[in-house]
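Visitor: I'd like to ask some things about the structure below.
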């Protein structure tokens, strides 16, 4: 087993025996086998596109399958065997369509590959392909490092593109890019600079994917508005929806209407409360329960209702509560019931069987919904506060949360940020400090929750708008970005910021294990990318 795509990789190096996320060596091998089959499918898809053939099914499948290989999404060997078979079926179907046009299929070893019919042999094929991919770059570990960065970033882009296509937002250039990267991942004629340029293009494409998702979310659910969200609970039957999928949450809300069941969000679905067409249309969307993904084992155990897991981040469930957890979309785990977004009757049945909350709890609240439209709507107030010296500096403190030590840096940092500074946050990293009362500056809250990790798009739009107003570039704004990372979507977001030329980003709690010292040096020299140190030291530099 070789997996170093997340921040929690064993000993900060690579997972060899078992994934720190709970992924088995068998699933790891089948994920590598799936990616190999997708590479062959992409080669054929590109030829099909060049002939004007329709490839939308393949495009969408490629996005969803890359998404399924993200950290904490799918742990099911049977699912990945099914995915591999589907990839081959789509590939062969496209080949027949190409031949029907009178053209010969451009054959290669990758697009002629056939998976074994036996599960154990497929697992061995995956292990062999993993070793072959590593061996191809053995002579240049820096190129291998950038290849991994490219692939992991692409997985993050695929996650956002998948959510966007669910909302009927598509972009052909995005699909072509997926196929081009996968089809040429084994290229041996590219320099280190070539691979760096391609990696930064992942950032460019991720900006497009986040833009599509932003359009899909706002057109479907309205622009987020500042909304107070209760963190407590109320008496009654309950369903908890975790993950990131707003469309799945909408389906749960629609199908539970009139049942008396209250729906609660968990993890990165907290920002859902800010979308008018979710909150205002569905009054039984009651509040938010729990915190970030890594706390789910004890939070899910205590929740007295049914739980729906959408997209990532699923942890291996404990036996004590796995019978009330349901998976949806690309999420999978052996022994958990998988449901369709169109029929959640099993979830409703389970929620009605379980006791639900038997008493009301204390109603502490937080506020979410400060996306780009809300913030830019009060831009004049913000600008005047900066000009008058009431706001000295902005800090974007966000990203992924995680379980490894060192992440208390972010809560300590926010506590120490001076009172004349505003904190923007997004992603599940905010759960380190989301319930702190930081007060306001002239009516502007000092803590602004922009939304989910993909709402980095909002942060970018806000920064660009402020830069245009002050007639400077983004790097000249009184703005510091201090980010936490865990998985592949965070990699994609970081690559977007680097593609945009944003300098002096601080990341933590550790550097990605897949970055070699030379690649770290290259990124540091080019973009002044740096690792966090201590809250005191970093604040002194940012405000100096």
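The backbone N, Cα and C atoms fix where each Cβ goes, and this holds for glycine too.
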Visitor: Which of these, 400, 542, does Swiss-Prot say binds hybrid [4Fe-2O-2S] cluster at the same site as 244, 268, 313, 428, 453, 487, 489?
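Guide: Looking through 400, 542, the residue Swiss-Prot assigns to the hybrid [4Fe-2O-2S] cluster site is 400.
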Visitor: Using the CB centroid of 244, 268, 313, 400, 428, 453, 487, 489 as the hybrid [4Fe-2O-2S] cluster site centre, which other residues of the same chain sit with their CB within 8 A?
Guide: 267, 293, 312, 427, 452, 486, 490
Visitor: Between residue 244 (hybrid [4Fe-2O-2S] cluster binding site) and residue 6 ([4Fe-4S] cluster binding site), what C-alpha distance do you get in Å?
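Guide: Rounded to the nearest whole number, the Cα-Cα distance is 18 Å.
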Visitor: By the DSSP assignment reduced to helix, strand and coil, which category contains residue 3 ([4Fe-4S] cluster binding site)?
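Guide: Going by the DSSP assignment, residue 3 ([4Fe-4S] cluster binding site) falls within a strand, counted as strand.
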Visitor: Reduce the DSSP letter at residue 400 (hybrid [4Fe-2O-2S] cluster binding site) to three states and note it down.
Guide: coil
Visitor: To see if you understand the setup: which same-chain residues, six or more apart in sequence, place their Cβ under 8 Å from that of residue 3 ([4Fe-4S] cluster binding site)?
Guide: 9, 14, 15, 19, 23, 28
Visitor: Which residues does residue 268 (hybrid [4Fe-2O-2S] cluster binding site) neighbour through Cβ under 8 Å, counting only same-chain ones at least six apart?
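Guide: Once residues fewer than 6 apart are set aside, residue 268 (hybrid [4Fe-2O-2S] cluster binding site) is near 243, 244, 293, 427, 428, 452, 453.
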